[in-house]
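In what follows, a structure is listed as structure tokens, so that the remarks can point back to it.
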Amino acid sequence: MFFEFALIGTTASGKTELANKLAYEFNASILSLDSLCVYKQINIASAKTEQKTLDELDYFGINLLNVNEHFNIALFFEEYKKAKTFAQKNNQILIITGGTSFYLKALMDGLSENFKESQSTLSNDEIYHLMIKIDPQAKIEKNDTYRLKKWLGIYEQTNKIPSEVLKETKQEALIKKLDIFEISWQKDLLEKRIIKRTKNMLNEGLIEEAKMLFDNYDHHLKALNSIGLKECKDFLDKKINLNKLEELIIIHTRQLAKRQRTFNKKFNKENLDFQSAYENLKAYILKKYQG
């Protein structure tokens, strides 16, 4: 029986671990909502599911591209279609899970025409103030470099107000209705998980992975400026020591978790405490099977 649901949460919330456990039990397919896991060479920094599990489960949205290739919403839409077709053909559940909830929102809201990012050297601050002046409806945060450059790209290419252009060019949503569950943690407990995960990543070889990436690819690539890798670049360049490296990754991961929590408020969803989430989701799935 095919049906789909989404399992979202902040970084280090345990959503992937939970999705994997459910997929094993119910023979479900999984679509990853993660903008880093799409890259074959980024494993530790993306906290990617181990290869054995990827081989055993029907996984989509992982190991699609090389680091120097560009991933965008249109490619993610194609991966979703592939995952859904596979799950329907095999009478499976499709679990959509990950931390890049922007992709999930796009699936549910529809995709606008694929405009190129601006190549302008304007700073985030400069783009943000331009946006506030001519397009206050855009509502993009000052630290969201990708969306600000995308906004500026639309403005440069059309010479029109970007939020209006996006409304005019929007395509139909791929998902009309979806049950969404968010894994919740108390802030102090999530903080401990972030600290533990950071230490584990460093012990597993994060610095070595970063060195390999920076030795072989342009450090300006968007994927290489993600949390965990950009701090390692400063460490490898001897700008910071090991203690500072760990501290910065923890701080930046905590800040990311806060942004994710804020973004996830946009969804109509059910919040689940991690400790009881597995049993609650299991009951939800069994109820769906019973009709």
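Using N, Cα and C of the backbone, Cβ positions are placed for all residues, glycine too.
Here Swiss-Prot gives region 'Interaction with substrate tRNA' for one range in the set 34-37, 250-253, 278-281: that range is 34-37.
DSSP classifies Gly9 (ATP binding site) as strand under the three-state reduction.
When the binding-site residues Thr11, Ala12, Ser13 are ranked by how far their Cα is from the Cα of Thr100 (site 'Interaction with substrate tRNA'), Thr11 comes first. Fewest Cβ neighbours within 10 Å among the binding-site residues Gly9, Gly14: this applies to Gly14. If you take the C-beta of Ser13 (ATP binding site) and look for same-chain residues 6 or more apart in sequence within under 8 angstroms, you find Ile183, Ser184, Trp185, Leu190, Arg193, Phe274. Among the listed recorded positions, namely Thr10, Thr100, the Cβ with the most fellow Cβ atoms inside 10 Å is that of Thr10.
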